[in-house]
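Feature list (source: Swiss-Prot):
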- 86: active site, nucleophile (ACT_SITE)
- 177: active site, charge relay system (ACT_SITE)
- 179: active site, charge relay system (ACT_SITE)
- 54, 55, 56, 113, 141, 142: L-glutamine binding site (BINDING)
């Protein structure tokens with residue numbers, strides 16, 4: 001069975017997320033059809049969604065203007081999986097701590113933007129992630145940090161005692177960029193565990 005994976009293609013590592021979902025699918029003897037989402041009308045036909053990084057205020061403005069935001073919210077309400085990374089996490093949160101970001105309210109967290117510093121302060125760290133047998137090589141680039149977690153949200157990983165990966169129902173959010181490694185396990189955790197269970 002082919003998994004139809006929509007990647008929000010407004011900003012961020014679109015092709016890298018596509019490659020990661022294809023690697024994760026191959027590990028399950030499946031294929032993935034990657035659909036780049038730039039306009040409304042494509043999300044309803046997707047099995048899973050990826051919301052990449054970029055600039056959260058720009059992403060928020062564009063998805064609301066193009067009518068994509070409502071489709072993402074409906075996707076989540078239908079219980080379909082989403083992986084939201086870095087700015088995607090910020091846009092998905094209930095509170096972005098920035099009035100310029102009109103959030104989707106699909107992950108019950110409050111997120112502080114750029115909490116781990118500027119681009120020059122970017123780093124890689126091995127993370128212990130719930131559901132993974134070995135540590136994950138997480139890449140943090142001007143990463144946000146989660147400073148409030150709702151009671152129904154599962155914390156999957158922390159760094160420096162602060163949540164950096166969470167699951168809220170069908171949505172997995174990460175402060176880091178899992179697509180910038182050759183390791184597809186975060187995509188696997190977000191999609192195939194949910195899709196096949």
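The count begins at 1 with the first shown residue.
Placed from the backbone N, Cα and C atoms, the Cβ positions cover glycine too.
For the residue listed as 'active site, nucleophile', other Cβ atoms within 10 Å of its Cβ number 29. For residue 113 (L-glutamine binding site), the spatially nearest entry among the active-site residues 86, 177, 179 is 86, judged by CA separation.
The subset of recorded positions (54, 55, 56, 86, 141) lying with their Cα within 10 Å of the Cα of residue 177 (active site, charge relay system) consists of 86, 141, given in sequence order. Most buried of the recorded positions 55, 179, judged by other Cβ atoms within 10 Å, is 179.
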